[in-house]
Amino acid sequence: MAGQGDCCVKVAVRIRPQLSKEKIEGCHICTSVTPGEPQVLLGKDKAFTYDFVFDLDTWQEQIYSTCVSKLIEGCFEGYNATVLAYGQTGAGKTYTMGTGFDTVTSEEEQGIIPRAIAHLFRGIDERKRRAQEQGVTGPEFKVSAQFLELYNEEILDLFDSTRDPDARHRRSNIKIHEDANGGIYTTGVTSRLINSQEELIQCLKQGALSRTTASTQMNVQSSRSHAIFTIHLCQMRVCAQPDLVNETVTGLPDGTAPTGTEYETLTAKFHFVDLAGSERLKRTGATGERAKEGISINCGLLALGNVISALGDQSKKVVHVPYRDSKLTRLLQDSLGGNSQTIMIACVSPSDRDFMETLNTLKYANRARNIKNKVVVNQDKTSQQISALRAEIARLQMELMEYKAGKRVIGEDGAEGYSDLFRENAMLQKENGALRLRVKAMQEAIDAINNRVTQLMSQEANLLLAKAGDGNEAIGALIQNYIREIEELRTKLLESEAMNESLRRSLSRASARNPYSLGASPAGPAFGGSPASSMEDASEVIRRAKQDLERLKKKEVRQRRKSPEKEAFKKRAKLQQENSEETDENEAEEEEEERDESGCEEEEDEDSGSEESLVDSDSDPEEKEVNFQADLADLTCEIEIKQKLIDELENSQRRLQTLKHQYEEKLILLQNKIRDTQLERDRVLQNLSTMECYTEEKANKIKADYEKRLREMNRDLQKLQAAQKEHARLLKNQSRYERELKKLQTEVAEMKKAKVALMKQMREEQQRRRLVETKRNREIAQLKKEQRRQEFQIRALESQKRQQEIVLRRKTQEVSALRRLAKPMSERVAGRVGLKPPNMDSGAEVSASTTSSEAESGARSVSSIVRQWNRKINHFLGDHPTATVNGARPARKKFQKKGASQSFSKAARLKWQSLERRIIDIVMQRMTIVNLEADMERLIKKREELFLLQEALRRKRERLQAESPEEEKGLQELAEEIEVLAANIDYINDSITDCQATIMQLEETKEELDSTDTSVVISSCSLAEARLLLDNFLKASIDKGLQVAQKEAQIRLLEGRLRQTDMTGSSQNHLLLDALREKAEAHPELQALIYNVQHENGYASTDEEVSEFSEGSFSQSFTMKGSTSHDDFKFKGEPKLSAQMKAVSAECLGPPLDSSTKNITKSLASLVEIKEDGVGFSIRDPYYRDKVSRTVSLPTRGSTFPRQSRGATDTSPLTRRKSYDRGQPIRSTDIGFTPPSSPPTRPRNDRNVFSRLTSNQSQGSALDKSDDSDSSLSEVLRGIITPIGGAKGARTAPLQCVSMAEGHTKPILCLDATDELLFTGSKDRSCKMWNLVTGQEIAALKGHPNNVVSIKYCSHSGLVFSVSSSYVKVWDIRDSAKCIRTLTSSGQVISGDACMATSTRAITSSQGEHQINQMALSPSGTMLYVASGNAVRIWELNRFQPIGKLTGHIGPVMCLTVTQTSNQHDLVVTGSKDHYVKMFQLGDCVTGTIGPTHNFEPPHYDGIECLAIQGDILFSGSRDNGIKKWDLDQQELIQQIPNAHKDWVCALAFVPGRPMLLSACRAGFIKVWNVDNFTPIGEIKGHDSPINAICTNSKHIFTASSDCRVKLWNYVPGLTPCLPRRVLAIKGRATTLP
């Protein structure tokens, strides 16, 4: 590896093979690799050069060995390393890195990380083994691993087993830090200590399977996050000792050598980075979460590209590198420009479909080659110092050795230099080297000459043989060998003679010098040895040389004698040839036997290898088929048993053979011994018989001795005979064992075959299951995508219908108002109109001190009212929208005038013109590239279509050939069509190639433009010129922004016109169907025709009778007149119900309008359209929306109950509350801008429109509807809203009760309201839905397990949420009020009604659940916040999934409220029993557990009961009877009133459209407060029982009490309240905090 210093980032490019899908769709390969060069050609001639390039057919092993293996070796030397995989999605990054463990891969397909792990542990074992062989202390290694995932800019720990896999959106606690040396490290990450390769692979597999993946259109398993797998290697090894001179170190006394073993510690970290693929959303088809992930991935890669550009661009001299723009670049700070050896592997696709992505990837990788890293060894400071000292000692020792050897000398002047001896020695060494080179050359020349001589002599001998007619190739070869041997012997002879001559000369010199040396030097024998021995040695050498010479001469003579004897020579040659052939055959046979033996051994090795592979495959943990596993286990067990038995038989057979040989040898030995003894006995007896001095005693002794020996030998013989019998028996058993062995071997072979077949079957089954699972996953992803698309269409249609409803309602209001304008006004009403001054706003200035003034009263004519109304409208438009639009014009003119007054210098003007031209060129170039990309994508799609058509035609032709091959005409036509399609495809391919070439040319031009960068012009500007250029840029930006705004306004205007046209056509269709319906009552055929038309057009009615409409249908289509609030009650099933709405609207239209009325209506409609188009302001803005609602809303009284065309009996409760008290003041919040009208004077029918519309009820619906036959008792039980007359003394109260809703049997705990609907929840375990227009209960939502403590209605989705016990029930009231889902406090989602079977009240919650105290909806309607226990759970309503928690309270959360900040983020404020109010500010990504942003202090003295927010002001009410006012921006307490009520403050709300606060207490009192100075305005006894909840809509105030009633209140402005002394005293006690 390289030493310390700069090291460039190396870049490798891998081109993946084409996919089968790409081949089927006809994609061409647009990349090519230059052979032998690391160069990629994109298109025709655009070349990119890198460090390594791998083509389509490159194996994984080649990539690893070429790129990564050296980095692993560098880690052992203490160098950091990084491997970075980059490329578009589906380019093969995960496959290259080897982190895709979802599929089984073979060893050849293993990626970089598994191979690097194996290499790492091989290196560890090798170094330990090498140290053991050398007898030194082995190195110690410690390996640890980390696996991080960067998902949506959040760092997740893939090794953290405690992390919830579904909680990916939660904020992690992992932090990134930088040490003193600039190294990057993380805290809060799990680091696992690794002991073996298998353990590390298992950790890698676990982390890889936990990584976020999903399916897109480009890739079935697409990585949705960046993954960084890090291996930390710590090594402690023995330091290498330097070579010492004479084993001493300078400075040590007496030349003692240093003792002890020194160690050094090296650390290294290896990053394996698998980046997520760069994506184009239009190609991946990602929506929802996938789109969000893709955007986050592209942002991280953009930041990485900026870092690479900053590091690699040498011309700009970039000072700042934006590492902190992304967590990805921060983590890779070491790898890019830091202490690491980095290699980047750019994975690209070869298909022309991915041409732009491939081009961008290659450019991206090309920039990375310019990055220089500063690579140093990671060594501890002690080891570094010891290494430096060792190097210094070695240098000094070398210098000392040179002084001692005389190489270095010190001159007279003290300067160091080299000695003359050293220079002479160097010169002689140089000369010696030259001579050696010359000797070597001459030796080679001699060898060549000898070869030539040998060849020539052999040719000569062959010619002689040819002339004699006895030529043979074998004889010629033999002659050549002999001649070569003769020449070699001749050369050796010459060398021996030369050596002999030199020895003779030396011997003569020694003999001549010997007498003198003996007498002169007594020490001569010590140096020269004995003269006699030297003489003997010399004579011996001479004698041997002579013998060799004579032998060589004789051999030469014999060789020469052989040449004339041709016949003898031929015979000997043939004989030698036959001998050589026999020896060759013997050698061949021996080699063949050896090959057979080696082949057998290889087969045995292969069998054993296959058995091992089968055993390994048996242990595969991926198999999950139980039957296969059981069979495989049994089979493996039997094989092992049989194998053991075979081994035992073989061992016993070997032991038997050994015993056999031993017994046979002993038997032979004993037999020989017996025979020798017998012979000796006979010889001795014979000798005794011949002896003359024979004694009987001696004979007996000898005889006894021999008899004893014979008996012993006989005993031994008997033992041996028994052993021989045993041996015979064993031999018999051996044959039986051999038969059993063969049988068992046969069974084992059969079992192995069965095992192989079973394994093959298992693999096929696994492959089939994998394919089925992949197919199902793809189908599920497609269905999910289709569902998202349908949901998007539904939302678009709902939005369109809401807009249609708004326009229709406004049209109806305009018509009704204009009809009322033509009627006379009573004097009383006209006088009340005059009470309000013209410039009176929504009521903010109403207070106790200003209500005493009275305005003059008098009658006004209708024309004066109309003129006043028009003046107010014009004044409003002039103050707000027109000023907003035109406000920029004076400023812009002033700015232009100021700019024109400034004088531009000629140089600044020229620079500005140059910059402007450059900007225009860049813009035009990019537009051209975008257009070319669009053309190329269009051509690719067209080519795919043509390919599909071509394949269909080919299949059709094949089918036609198979069915009727005689139809040549049809086949010819199909062939012609296929040829035409092929020609079209070729033309499209040529066009695609041209587009690619053009894009490449533009890219080169772009690079040229970038090379002459505008920064050069800007950097050459002076300060004044820079200011002028900045001024011009500002003007140009303003102009461009204005142009864009104008274009957007035109687009919105055209879209509005298009919507209006669609609504007009839809209205005409509905009116036509209404007219046909009236005619169809008597014609069944016409009814059927209308029914079919309705179903074809998608707006069929759900009613059983065409002429009647149900109450549910009406409630879904009808909205209160005069309301333009965004929270209006609008339903999504409007296409089916628009006809009913038109029918009602037609009844409200009355007589035709005159021309003046039509003009006014047209002006009002155009006004609304202008506001909706957003040119002046957005109508969705709360301020302008309120203004518009007060400006263009028309009076509602007198038009609430339109006249009827049919008469019937009085069954509606509205007829019983039609009369009003003449003395009661009739007030409206619209009095400031809406011209009032007198009560209707025309006669009414007994049966009004609402009773007619609600007369038809559908059976089986969950809505508890009433019909015409309902009795009065049933109506009372169902619930009704009854009006209340003015009470005595009510003129002094700030609120006036106008209606009362009754119907619950137990205390009402919660309520929610819109302009048309009221929702209430009670202790009777039910919720009720009321129609505020008809005054009736329209539905009862029952089946709750306990008290209903909270209820909310979402106007965006039309869903109702009710809380009871630990459940949140979700009701869909658009069709029939049914519970569609049940949410639990623990975060579970249950489809349908989970509490349906609950017939009795549930006192306790289920195990693991907590009581839910309150809930709140986000203003956008997408989030639901549920307070359960001491936390608030966040639900995403689009998916009905919990995504996070708000924690921080130590007591139960009793109340919460939600608002939106200026950046459209949710701001949640919670109040708890722990007396604290906490604020949570949420961001874009809401995941995990979120802590409070701020704790409001000081806390209350008791638990918090209610909260209310208006703007930046927060009010909190507590059980301590006090109310506090907080500033959300400054996050501090503004004011507090300790005893605002006598009892608990239970509810807070705001007066609609006025800066006034409403508070209600447990004693039943309602108080009104001024929001600005927090002073009381008035109070009223609202209920006799505790008030539990309060809410408002745009007109009314609703209070729910424990007296089972809901009261509807109106605010009464302009009245002086008679405040009690206690209330007035509160003003003095109000505490204002700094």
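Positions of Cβ are set from backbone N, Cα and C atoms, glycine also.
Under the heading domain 'Kinesin motor', Swiss-Prot lists 8-371.
Under the heading ATP binding site, Swiss-Prot lists Gly87, Gln88, Thr89, Gly90, Ala91, Gly92, Lys93, Thr94, citing sequence analysis as support. Long-range Cβ neighbours of Gly92 (ATP binding site) (same chain, at least 6 residues apart, Cβ-Cβ under 8 Å): Arg14, Arg16, Cys347.
As annotated by Swiss-Prot, region 'Disordered' applies to 521-540 (among others).
Residues or ranges marked as region 'Disordered' in Swiss-Prot: 553-624 (among others).
Per Swiss-Prot, phosphoserine is recorded for Ser580 (among others).
Swiss-Prot lists Thr583 (among others) with the feature phosphothreonine, giving similarity to another entry as the kind of evidence.
Marked as region 'Disordered' by Swiss-Prot: 832-861 (among others).
The feature coiled coil is assigned by Swiss-Prot to 924-1012.
Per Swiss-Prot, phosphoserine is recorded for Ser1145 (among others).
According to Swiss-Prot, the phosphoserine annotation covers Ser1163 (among others), on the basis of similarity to another entry.
Among the features that Swiss-Prot reports, region 'Disordered' is placed at 1194-1248 (among others).
The phosphoserine annotation in Swiss-Prot covers Ser1212 (among others).
Feature annotation from Swiss-Prot assigns phosphothreonine to Thr1234 (among others).
Per Swiss-Prot, the feature phosphoserine maps to Ser1238 (among others).
Looking only at the repeat 'WD 1' (1303-1340), the predicted model's pLDDT averages out at 92. Here Swiss-Prot flags 1303-1340 as repeat 'WD 1', drawing on sequence analysis.
What Swiss-Prot records for 1343-1381 is repeat 'WD 2', and it gives sequence analysis as the kind of evidence.
On its own chain, Thr94 (ATP binding site) has Ala85, Gly100, Gly111, Gln221, Ser223, Asp274 as residues at least 6 apart in sequence with a Cβ closer than 8 Å to its own Cβ. As a summary of secondary structure, the repeat 'WD 2' (1343-1381) carries 0 helix, 23 strand, 16 coil according to DSSP. If you draw a 10 Å sphere around the CB of Gly87 (ATP binding site), it holds 28 other CB atoms from the protein chains shown. At the 8 Å Cβ threshold, with sequence separation of at least 6, the repeat 'WD 1' (1303-1340) lacks contact with the repeat 'WD 6' (1540-1579), having fewer than 3 such pairs.
For the repeat 'WD 3' (1407-1445), the DSSP-based tally of helix, strand and coil residues reads 0 helix, 23 strand, 16 coil. The repeat 'WD 6' (1540-1579): residue composition by secondary structure is 0 helix, 22 strand, 18 coil, according to DSSP. Every protein chain considered, the tally of other Cβ atoms within 10 Å of the Cβ of Lys93 (ATP binding site) stands at 28. Cβ contacts within 10 Å of Ala91 (ATP binding site), excluding its own Cβ and spanning all protein chains shown: 26. Within the same chain, residues at least six positions away from Gln88 (ATP binding site) with a Cβ under 8 Å of its Cβ are Gly277, Ser278, Glu279, Val348, Ser349, Asp354, Glu357, Thr358, Thr361.
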